[in-house]
Every structure is written in C-alpha cells, then in structure tokens.
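**Q** This is the structure, below, for whatever I ask next.
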Amino acid sequence: MAAGWRLVGGWLAAVRGRVGGAKEPRVDSVRRMSVAVRGSGLWKRYGSGQTQVDALADVTAEFGQGRFTAIMGPSGSGKSTLLHCLAGLDKPTAGQVFVGDLDITRLPEKQLTHLRRDRIGFVFQAFNLVPTLTALENITLPLDLAGRKFDQEWLDTVIDTIGLKDRLGHKPSELSGGQQQRVACARALAARPDVVFADEPTGNLDSRSSADVLAFLHRSVRDFGQTVVMVTHDPTAASYADRVLFLADGELRSELLDPTAESVLDTMKQLDATAAAAG
Amino acid sequence: MVRLGLRSVLAHRSRFVLCTVAVLLGTAFVGGAMVFTDTLSAALKKNFSGSTADITVTPVDPVGVRTGRPATLTSDTVQRIAAVPGVAGANPELLVRDVQILGADGKPTETYGLPTYGGAWPRDAATAPFRVLDGRPPWGGSQLALDQSTASREGYVVGDQVRVVTGTEAVTAELTAITSPPLSGPAAGAPLVTFDPATAQLLLLGEPGWTSVGVAVTAGSDPATVSQAITKSLGDNVQVRTADQVAAAGENALDDAFGGYSAVLVLFAGLALFVGAFLIVNTFAMLVVQRSRELAMLRAIGASRGQVTASVLVEGLVIGAIGSTLGLLLGIGVAAGIRFGYRRLDLSIPDVALQVHPGTVVACYLVGIVVTVAAAYPAARRAGRFPPMAALRDEVALPERSLLFRLAIGGFMLLMAVVLYLIGVRARGLTGAVLLAFAAAITLLGVVMTSPLVSRYAVRALMWPFGREAPVILGRRNAERNPRRTSATASALMIAVALISGLLVIAASAKASIERDITDAIGTSELVVSSDDPATFSPAVADRIGKVAGVESVHRVRQQQGKAGDRTVQVSGVSDGTLDGPITAKLDAGSLDGLGGGQALVPRTLAKTLDLSTGETFDLTTNTGRHGLTVAGILAPNRQLNAIVVSLPTYASIGGATTDSVLYVDAAPGASPAGAIRAELKDYPTIQVRDQQAYVASARGPVNVALGVIGMLLGLAILIAILGIVNTLALGVVERTREIGLLRAIGMDRPQLRRMLRVESIAICLLGALLGLAIGVVFAASVQRVMVDDGLSVLDVPVPQLLVAVLLAGAVGVLAALWPSRRAARLDVLRAIATE
Ligand SMILES: Nc1ncnc2c1ncn2[C@@H]1O[C@H](COP(=O)(O)OP(=O)(O)OP(=O)(O)O)[C@@H](O)[C@H]1O
Ligand SMILES: [Mg+2]
C-alpha cells in the first residue's frame, strides 16, 4: 500500500518535472495498525536557477498513531520544512500529505485552517503564546476558536500533567521559558489532535526545563495515546522518542528504532562520516 | 544623526504614509484657505484702484451699521461742495444695495451671494462709478439700465421689459441702456440697475438724497488741499476722501473681512492638525518601540542620549517637511480649482493670478513641521532613554513611565475645568458661553491626559455586549494592551465627536428655541408677510393685502437700526393695534398707552444696560441724528419685537423710512386667504407669505446653513481621526505580525482574524465617540442654560441624531478595520512566524 503511494507520489513529481532521479535508500517505517500522518513523495523547492534549493527532495514517511517520532539532521536539512508541510502550514511543491485518509495538499485555505485547529497541534521553538491571554486561555484557544465545548476531564488531565495548575491565571510574560513551552504543549494537546508537531520545542531551554517538556510529550504518547512528531538537535531529547528519522539535504537518510542518546549520537557520527566522504 | 533619521524614514516609509497624509490634509487646508482668500481679496482690491472721482464725499453714518435706509446727503450739500474753490465739478451719486432684478421667468436673478445694487444715472460720465456701454439714458419711472453681465446672463437686450424690486417699490420698466457693473468700491462687480436720478431717489430711498458726491478738481489743484477745503466748508457731517484714501480704506475693509475669513478657516485647519497630532504621536511611539533594539544598539556603540533623540526628531522633521510640501501643493491646487469654478460663473470680478504669498508658504511649513516635530518629541525623548543594555536583552520590555505624572496634570486640568465651569454657569449670556467653551476645551485635554487610566475598564465595559468568543476577547485585549495608544487614538475621535455633538445639541436647541419664541411672540396673526432681499417693501403691499377677501386686518412693522448709548439697537415702528393681539407683547413695567403719545417701549436687556425705567427719557441715534424718547414701558423678551418700539408716526419722525418690513395678517374667522394673497402679490416675487409653521421653518434656515458649514469644516477633523484609527490598527498589525502568524498557525481562520481587528477598532471608536458625546452634550446643554435669555430658551437634545452618531462611530470602526485586517489576513503564516 505504502509502496503504491510512493509510486503515485513519484509519478506526480515526475509529471511536474521536478524529479532528478529517484534517491535511495528509502527508510521503511515500522508497520502499525493505523497511520496518523503520511507524507508521500514530498518535494519542496525554493527559488530558481542559481539560487534554487530543494529543501525537501522526495521524502516519504509515515507516522503511526500513538507513536513519538523525532526528526534529526543538520541545520538546513529541511526538518522544519517537512514539519510545516506535514502540518498544513506550507504547501509542498510536489507530493501529498495525508492526515488520516484526508489528502491535505488539496484542501482550500479555509478547510486547512480548520484542520490545523481541530486535528493538528503545533509547538514552535519560541513565541508560542498569545501575550494578551492567560496560560489557561492560551491552552483553550484552539477550542475557543472552533467554538467547541471542551472535554473538561481531558483538559484537567492535560493541565495536571504539565504541572502548572497554580499558574493558569498568569500571562505568558509572567512565566519562565520552560513553563511557556509546557503551556504551548498543553495547548497543542487540548483539542485532542490526530498529531502534535513540535519544532525544537526545547531549543531555547536549559536541560531541566527540557526534561520537563520532553517528559510531558512522552507521557502524552505513552499514557494518552497521542501522536507526536518532534524536530530536535539534541540526542537526549531524541532518546525520549520511539523512533528517530535522520534527514540530510532534504532527503531521509536513516532511521533508528527505540533510540538511546548513545545510539543517536552514533548514527549522527556515521552520517557525518558518509557526508564527509561524499563531499 | 541626520543621515540616520533620513535612512529610517526611507526604511519605514510605508508606516509613515498616514502620518504624512494627516500633515498633508491639515496644511492643505491652511494653504488652500490662505491662497484662495488672498486671491479673491487681491482681485477685489483691484476694484479700488479704479476710483474715478478725485475726491469722494460721503455722509457720516451716525449708526454705523449698514441696514435699512442709508445715510444721505442733500442736493444743498452738493451745491456747497461745488462752490468750494478748486472744485471743477461735484456730481451727486446714488448707490443702494439689496435690490432684486427679476429674470424673464419672474424669479430673482442668481447673483452667487453678491448683493445687487440700484443706482442713479450719472450726471457726468467722467466721475461716474460705472461706464455706459450701449443705449440711451433711462428716463422716468418706466425706463432703466442694467449692467452687462446681468443682462447677458438673463438674456435681456435693449428694448426688453425688466421687473425690479427695490426696498420701497416694485416696477417694470424698459431696458434702454447697458452699463458696466460698478467699477470701484464695495459695490464693484456687483449686479447693478440704474434709473434716472429722480426716479432712483424715489424707488431706492423713497425720498430725495444722495449716497455720495464725486468731485473733480480743477486742473492744477491738489486733491488733498481741495479735500481739506471741503471738510472746512461742510463740517463733521461728511467724510471727505481723496481717491487714494478711498482705495486705502476699501483695501483695509477687505483685509479685515478676509482676515476674519482666513482666521476662521485656519482655526479649523488648526483643529484638524491638532487631531492629526495624535496620529503622529502614536506612529512615532510605535515605531520607537519596534526599533527599540536598534536604538539601544546605537547607545551601546556610543551614541549619546541627545543624538538618539535627535535622530528621531529628524524623522519628524522630514515627515513634517514632506507633508507640508504636499499639503501646500494640494492647497494651491484646490484654491486654483475654486478660482476656476468662480470664473466660470461669469461674475465680473477682476481677474488676478493665483496669489501664493511667501507668508502662506512659511505658514504651511511652520505649522506642518512644528506640529510633526512636537508630536514626535515624546517618542524621541523616550528613544534617548533606552538603556544600552536593552540591545543585549532578548525582548526589550520598556518600563512605561508611570502614569502618575500624566494623572497629576490631567487631574489638575479637570479641576480647572470644573472651576471654570462653575464660574461660567453663573455668568449669564455670551460671557458664560465663552467660559464654558474654555472649560470644555480644558476638559477634553484633561480627559486626553487621564484616559489611559480608565480606557482599560471602559473598553471592557463597552465590549461586554459583544460576547465572549475567542476573536472578541482577543480584539478587546489588544485594545486594552497599550492604554496610551488606545486612548490617544480614541482621543482624536473624542475631540471631533465632542465638537460635532455639541454643535448638534446647540443647533437643535436653537431651532427649538426659535420655534417656541415665534409661537410665543406671534399672537392671533395667521400669516406673516416679509421679504428676504430687499428686506423692506412698498407700503402698497399692505394696502393690497387689506383688500383681499378673507383678510380681517393687516398690521405693519417697520424696522431700522439705531444707537442707544453705545449699543446698536433695532428700532421698530408698529401700526396701531399690532401689540393688542397680532403680536403678544408682555410688559415688565409700564403700559402700551404711551405709544400713541410718541413714547417708546424698551426691551428688558436694553433697559438694564442703560438703567432705564418707565417715564425716563433716553437718546436714540438714527441716520437722521439724535432723538429724545420717553420710556412708556419695558418689554419682556420677544423674538418678533426685540427692539425699541414706537408708533408709526413717531417712527417717521425719527427718520424711519415709509417702507414695511413685516406684515402680520389676521384672517377672518374660517377664512384662509394665503393663496389669494399670494396671487395678489404675484408681481412682488421677493415677498413671502407664510403661516406660522412656514415662518418658523424659514427662521430656522440660517441655523441649518450654519450647521452644514461648520459640520463640513469639522468633517476634516473627523476624517483625520478615522485615519488615526486605521493607522493604529495597521501599525499594530505590523507590530504583532508574529502573533498573528501564530494565531493563524493554530487555527484562526481569516474571518476570525478580521473579526479580531474589527473588535479592536470598534472598541476604540466607541470609546472615543461616547466620551466625546458625553462631553459635547453636557457642555452644550450648559451653554444653552446660560444663554437662556439670549436666543437659546429651549434645550433640545436630538437623541435620535446622537444615537445615529454613535452607530456611525461603530460603523466607522468597522470600516477603519477593513484595510488593516485585509493586510493581516494576507500575511503569509510561515513568514509571519519567522519575523523578528
Ligand atoms: N522561504 C525560503 N526561501 C528560500 N529558501 C528557504 C526558505 N525556507 C527555507 N529555505 C531553505 O530550505 C532549506 C531547509 O530549511 P529548513 O528551515 O527546513 O531547515 P532546518 O532543517 O529546519 O534547519 P534548522 O535546524 O536550522 O532549523 C534551507 O537550505 C533553507 O535555506
Ligand atoms: Mg528548523
């Protein structure tokens, strides 16, 4: 099935004249009963001529439900671009993204917005919160925007887990960076989305605050069956995930299951060596 | 620092656009007003260089107010002038204004606001105030001459029958000659109708007399010497001026009149600029915050406080200069447009080039630059205060200077306003009104100072009915986020709305007062007959109305102006029985009995000023000199009789003309003779026959005109206030780009985003509108109270109009948000998130 999609994606890309020859190796993900998000033959091209950059070059990946996936790679390798395409924030030049069974690359702007609101959570590296709203208001913002009734029980669970019960009435400017990121994670989870994307959520944090945020993401996967995809530079952070995907020059290069900090580091070294040999 | 300032303006030019527009509009108004009035006055001044007589002798007008019958010179005086050595010829002239020339369709000709003059055919063409172009001199009551532009505009040619209404008569006569319009003096360029001298005196004055004498001196005599000789021979009753003096006096009069015009226009321009200053203050405040890191960086690398401040002030200077330049050009363009329109009207105003005086240019630049730099100053000073360390910190949290200082100043102002208010309410009349106006101005400033303190709560209260949906909450919080900015934006609107609503209340009160005063003053009369222009009419009109079936009685009122003490007063002559019913005259003291014996009724206010009581005598000066009158009674305020009232014979004896001003007509029971009267007076098209209702409506007319004119002038201030809201929102969108990107990323759709901005905009608008409304209405109501005896007897708060104003403010809020929210909705989500 997945292979079929890959074919279709590659064909589509070929039709648009953007494929410069299939690039292997392809990394096969572990089969799960259901897939939360799937990117298929994703290309993202910026600029043209001399300044042309392929931020993504034929990336195909699946993210199973209830799994915690980390994406790693050197700066400029296309991690953020991939995340943005998967989250419907950006349109790939070619290829398709499926959230559940829905092809979101075809969705008009309005539906896409509503999809982000209802089925996708996003955590940025910084400036995640609306400064005029309190922590609690920030958490419930996607629900408020949707005009949906909250599942109070779920909300309580999420808030309990981030451990900021006594800070809910505070404005973001009155919270520390780590607390802000935890609030952002809680917001991403509040609507019980199909998948939560986090782009270097711990990039600006010290190790303690990072651990808090990562523990929270980990718990939300383990205890509540959420799906999380996280970009990170930090091998320790990646070790919280079930699986790590390695990206370089816009291509998937490698995959690691049940990673530890050490195995992640090893893989990174290996890839560096390959890159050095190739370069 | 200068280069830095210039660079910054270039780099942020899109953010300065509305700032520049505000300066532009204000200075365009200043420039346009000055250029146009200068041009018109230069054109009219040309008239005075064309004075034909060497010396002009005019009577000294003892009243000094041009109304009713003009002061005149007798033929005897003319002969005495002719006898003075050095005088070659003394030519009596007659020129009287407020005449109507009727078009072929029987309607008064359109003169575009110029008064029409009637005159006597000159004895000597050399000293005549106009030239003869064609035809033969008119002779007798059935011949007349017209000026060329009137004739050509109405399509009259020599031989046509033309109907003319003067203050004393209405005649139809044959057009026998075409003249130029009057060539010099105040009448220059105005429509003119002339008759032979005897007919002119009869039709225009109702009695013999001349309004001036044009003197030609013998060859070789010095006009100045001759004019002294004439003065010596005639005494103080006449004014003798050489051609130069006539020109100078005329120019002075014009300068005064136009100076007054320009002053009023510039006042409104100043108001617009003042409102615009809020916009500029906001723009600079926001830009400085946005650039705080850059400015702190400058400090870190060694720029002094003064240098950083100067760099921001240079930006203000540049914006001010650009705005003033564009404004001046626009102003000149508008003035040129108006001048073009004026020339198309074919009025015989001399043609001069557009007058752009150096003073105008200087005024525009001065005003534009001073306002901009002054408005940029607070932000510039703050910029200098950024600690160099701020450059290193991630997010520059500027400690807003405590509002305490502002609160203190604002509180002091409000206190002063209260004191002024209390004094004003106690002082009656115009003084009180002026004091209240000052109090209102200070209140507005005080509220401007203190409103950041309350704006948060006010916004919350105002937005409460809009519900608690996410976009509403977000919009409201944005409006609360920066109280200074919100209240500065709202303040501009507040000032404009306060003026408009005050104006509405006073206008409505004036109209209601007119209605009540007229109903109170007019008793049993069913119809009021009057004439607009000329204001008087032939006594034959009353006689003819008296013969119309269904008319029971006709009462005449004649009016002119006089002077009692140093006050100009209205003097009315009334026919017998007028005060016994047709007009309701209430007396504070005395009785009506004395009227028949030559005594006078004196209005209450005048009696108070002159300290008169019944039985005392006082001097009344009319254009025939001083007359002693005895007080028969004191009149309570009465709109129709706000005058010294005498009987008709007494009126004639103190120099009153035998022309009627108003007629009050009683109809026989059950009859309604209005239609029949109108039919009877068909050949007097300037005469209006009105029932009470229509009379009230006509009396209210000027109020509506004033309301329209002032409203239009205030419109500019409103426009700039609205631009200010657009500006604040648009800059807010720029400032909050990342936040907007975040909101979009987590699922806010475009309609919600637009709604968020709309809510913020409406909050600002309602805040400004309601504050302005409250202040405007309260002060206008107080003004009405102190003016209760001076024409504003009734308070009328036009609730529906004011409600409409509030709704409009809301609508303006919606409109103002359109453009900024379109920009916000177009932001690319990813790029917005990535912005610094
Ligand atoms: N808007 C853009 N225009 C042009 N090129 C872009 C744009 N956005 C990204 N790129 C390029 O695409 C490539 C991938 O960028 P991306 O932001 O996905 O990298 P990243 O892996 O997230 O890097 P980092 O770890 O530094 O965040 C880079 O070479 C970048 O220069
Ligand atoms: Mg990135």
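Yeah, the Cβs are placed from backbone N, Cα and C, and that goes for glycine too.
Just lifted these from TrEMBL, have a look:
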| type | residues | note |
| --- | --- | --- |
| DOMAIN | B:17-232 | domain 'MacB-like periplasmic core' |
| TRANSMEM | B:261-289 | transmembrane segment |
| DOMAIN | B:267-388 | domain 'ABC3 transporter permease C-terminal' |
| TRANSMEM | B:310-338 | transmembrane segment |
| TRANSMEM | B:358-380 | transmembrane segment |
| TRANSMEM | B:403-424 | transmembrane segment |
| TRANSMEM | B:430-454 | transmembrane segment |
| TRANSMEM | B:486-508 | transmembrane segment |
| DOMAIN | B:487-676 | domain 'MacB-like periplasmic core' |
| TRANSMEM | B:705-734 | transmembrane segment |
| DOMAIN | B:712-828 | domain 'ABC3 transporter permease C-terminal' |
| TRANSMEM | B:762-782 | transmembrane segment |
| TRANSMEM | B:802-821 | transmembrane segment |
**Q** Taking contact to mean 3 or more CB pairs closer than 8 A (sequence separation of 6 or more), are the transmembrane segment (B:403-424) and the transmembrane segment (B:430-454) in contact?
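**A** Between the transmembrane segment (B:430-454) and the transmembrane segment (B:403-424), which are separate recorded stretches, there is contact, as judged by 3 or more close Cβ pairs.
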**Q** Thinking of Cβ pairs under 8 Å, which stretch from B:358-380, B:430-454, B:705-734, B:762-782, B:802-821 has the most of them with the transmembrane segment (B:310-338)?
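**A** Answer, by Cβ pair count: B:358-380.
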**Q** Of the stretches B:261-289, B:486-508, B:802-821, which racks up the most C-beta pairs under 8 Å with the transmembrane segment (B:762-782)?
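**A** Looking at each of B:261-289, B:486-508, B:802-821 in turn, the most contacts to the transmembrane segment (B:762-782) are made by B:486-508.
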**Q** Return yes if the transmembrane segment (B:430-454) and the transmembrane segment (B:358-380) have at least 3 CB pairs under 8 Å (sequence gap of 6 or more), otherwise no.
**A** no
**Q** Considering only Cβ pairs under 8 Å, which range in B:358-380, B:705-734, B:802-821 makes the most contacts with the transmembrane segment (B:261-289)?
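**A** Selected stretch: B:705-734, with the most Cβ pairs under 8 Å.
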**Q** Which stretch from B:358-380, B:705-734, B:802-821 shares the most C-beta pairs under 8 Å with the transmembrane segment (B:486-508)?
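**A** The stretch I would name here is B:705-734.
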**Q** As a quick check of your reading of DSSP, tell me how many residues in the domain 'ABC3 transporter permease C-terminal' (B:712-828) are helical, how many are strand and how many are coil.
**A** 98 helix, 0 strand, 19 coil
**Q** How about long-range neighbours of the transmembrane segment (B:705-734): same chain, 6 or more residues beyond its ends, C-beta under 8 Å?
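**A** Sequence-distant neighbours of the transmembrane segment (B:705-734): 15, 18-19, 21-22, 25-26, 29, 265, 268-269, 271-272, 275-276, 278-279, 282-283, 286-287, 290, 478, 485-486, 489, 492-493, 495-497, 499-500, 503-504, 507, 740, 757, 760-761, 764-765, 768, 812-813, 815-817, 819-821, 823-824, 827.
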